[in-house]
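Asker: Have a look at this one.
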Amino acid sequence: MFLLLALLTELGRLQAHEGSEGIFLHVTVPRKIKSNDSEVSERKMIYIITIDGQPYTLHLGKQSFLPQNFLVYTYNETGSLHSVSPYFMMHCHYQGYAAEFPNSFVTLSICSGLRGFLQFENISYGIEPVESSARFEHIIYQMKNNDPNVSILAVNYSHIWQKDQPYKVPLNSQIKNLSKLLPQYLEIYIIVEKALYDYMGSEMMAVTQKIVQVIGLVNTMFTQFKLTVILSSLELWSNENQISTSGDADDILQRFLAWKRDYLILRPHDIAYLLVYRKHPKYVGATFPGTVCNKSYDAGIAMYPDAIGLEGFSVIIAQLLGLNVGLTYDDITQCFCLRATCIMNHEAVSASGRKIFSNCSMHDYRYFVSKFETKCLQKLSNLQPLHQNQPVCGNGILESNEECDCGNKNECQFKKCCDYNTCKLKGSVKCGSGPCCTSKCELSIAGTPCRKSIDPECDFTEYCNGTSSNCVPDTYALNGRLCKLGTAYCYNGQCQTTDNQCAKIFGKGAQGAPFACFKEVNSLHERSENCGFKNSQPLPCERKDVLCGKLACVQPHKNANKSDAQSTVYSYIQDHVCVSIATGSSMRSDGTDNAYVADGTMCGPEMYCVNKTCRKVHLMGYNCNATTKCKGKGICNNFGNCQCFPGHRPPDCKFQFGSPGGSIDDGNFQKSGDFYTEKGYNTHWNNWFILSFCIFLPFFIVFTTVIFKRNEISKSCNRENAEYNRNSSVVSESDDVGH
């Protein structure tokens, strides 16, 4: 009787707070399979549950997406901000699969019972503990999301983004040119507004548990990209909203952007999302695509419709974050997912079962992180997340106490080198993962390229150093170095010119516009023509900054129809047809707005653009004098060291015959005695050559001298013989005359 009452209570709670999630109930008592190894038991767990009498074996590994400084912020009735650290939640989260369905996804919290999601091929289940149960009973329910019949994004956001990256399946040659995925980390700050707080239970720990559960599932989805979605902190507007949440998502987004600039500046995050409950919204999301590293647009709105549950809401957030990191929605005729629903498919929100990113999404993401700067996703050392102290084997990230980490069973390409279950090397092999590990489980020889240059003047190729399976950090020309024959500057590894920027937007032949165009479009106080925003209001540029505001281009007439009329602005100025685009209509993959001139673009003698202002180059850290430090035989790199020209050796670029140049940072050199020599350059044979040359040079000189003397003697003898013959001839003639 007590169990029935508990089940009815749990059923009522699910109906009240889980939206349209199905109530197809099963009761199960999970059974944990114990391990003799306590260390392995903490990182990996096995549970057996039953659904409809069928046993399922869940293999789980530790999932880390909450940092040690994770806080939950709330406001009291007087408006004061308070924070709580739910430290007990840090070690609860696991992800894995059901052995009976190897392609399944399982995401669970194991503290105070099992709570989370089980996604099989075409069906999803939720599992939660029965409160006050003495027998560890849990309920399992089939999760169903009714079609919310709403768009994910407003037309003015999604349409403009999609026109910049049309649907197409990339050629294999294009994919091969993109670099391999490296571990990255996206730090997200979540805010829950009052209506959603009430809808999810109106209690701090209950709401926190649900949001952590949602982000845990989102993080599981993004592991395909080796991208860890870290929930930096959670803010609950439990008493009243700090901004108005009326209107559509894009209206709320503008208000939220202005609010976060003032109130979230000291709280670490790469992007912030406001979660809003709306019973029947027109669309359920608003964000700026490709802006994850842009502090002016690093925000989004996700609406929770009444028609979906936590799983569907997780997909909404995953799709929005996907747009932030360069993804587009899938064309179902050209993009596919093997035995799963594609996450960037519009129907994924209402679909049940396993969800993964498509081949198109994979290409979009690889392009995003390969071709442009995404440094905000690489600052793991500043986050100090949980998995830094507690490594997770199988996530493809080499962490403390791991000898190798080649990913999970399906991802690992070094199975004969690395045990993907324990992250230990097999036998006496040298390595088991990383770009500088060979298929023979050996470290790549020093001097093997591991990261190609993306700019011939401003970026440098990196090499394996022969002692590590990882590639050395990226090296490029120090910001402020002249490039393109002195008409541009290097900035973050790229030669920044308005011609290149215009060509990327409007096609081949487009160029930076004359000064008159820049002056015109950056002096008007309008939304499409400005030098940035303040309190959500557009600002005209100061005269000194007009070359650093909106990007103005001129394009050939044959390309004039290639741009989207809804986002392109045409101006006729002094016999020039100037072209620009609306702010927010197109984003660079480094997170900056294509509408503006890129940072590092020259705006005057010894000046370049930074954050829409024209600044002197020497004020921006150009503290390495290549003329003195590198003796004029190299340039300064981003580590403040010399990148020497061929024929000169680092660190000070002294002349050395045969040296390929380079720096002490690019992985191609090691210190040997009092000078640097290139690894991979065969110094052994070089020394033998010099020694042999010194030994045989005297013999060569003697031999040459002997040959020379011999020739001289031979010539002298020949002259004497010729003279003798001539004299003999004269004597003979005289005798003939006498007779």
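Numbers here mean position along the shown chain, with the first residue as 1.
Every residue, even glycine, has its Cβ placed from backbone N, Cα and C.
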Asker: Among Cys609, Cys614, Cys636, which cysteine does Swiss-Prot link to Cys624 through a disulfide?
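Answerer: Going by Swiss-Prot, Cys624 is disulfide-bonded to Cys636.
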Asker: If you pull up Swiss-Prot, which of Cys337, Cys360 shows a disulphide to Cys335?
Answerer: Cys360
Asker: Which residue in the list Cys418, Cys423, Cys471 does Swiss-Prot annotate as forming a disulfide bond with Cys450?
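Answerer: Among Cys418, Cys423, Cys471, the cysteine that Swiss-Prot links to Cys450 by a disulfide bond is Cys471.
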Asker: Measure from the CA atom of Cys644 (disulfide bond) to the CA atom of Cys624 (disulfide bond) and give the result in Å, rounded to a whole number.
Answerer: 13
Asker: Can you tell which of Asn294, Asn611 has the least company, meaning the fewest other C-beta atoms within 10 angstroms of its C-beta, among these glycosylation sites?
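Answerer: Each of the glycosylation sites Asn294, Asn611 was scored; lowest Cβ tally within 10 Å is Asn611.
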Asker: Counting by DSSP secondary structure, give me helix, strand and coil numbers for the domain 'EGF-like' (620-654).
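Answerer: For that range the per-state counts are 5 helix, 10 strand, 20 coil.
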Asker: Might you list, by sequence position, any residue in that chain lying six or more from Asn76 (N-linked glycosylation site) with a Cβ less than 8 Å away from its Cβ?
Answerer: His82, Asn239
Asker: If you count Cβ atoms within 10 Å of the Cβ of Asn359 (N-linked glycosylation site), leaving out that atom itself, what do you get?
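Answerer: Result for Asn359 (N-linked glycosylation site): 17 neighbouring Cβ atoms inside 10 Å.
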Asker: Pop the Cα-Cα gap between Cys642 (disulfide bond) and Cys360 (disulfide bond) into the table, whole Å please.
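Answerer: One finds 40 Å between the Cα atoms of these residues.
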Asker: Could you say which of the disulfide-bonded residues Cys335, Cys337, Cys376, Cys644 has its Cβ with the most other Cβ atoms inside 10 Å?
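Answerer: Per the Cβ count, the most surrounded site is Cys644.
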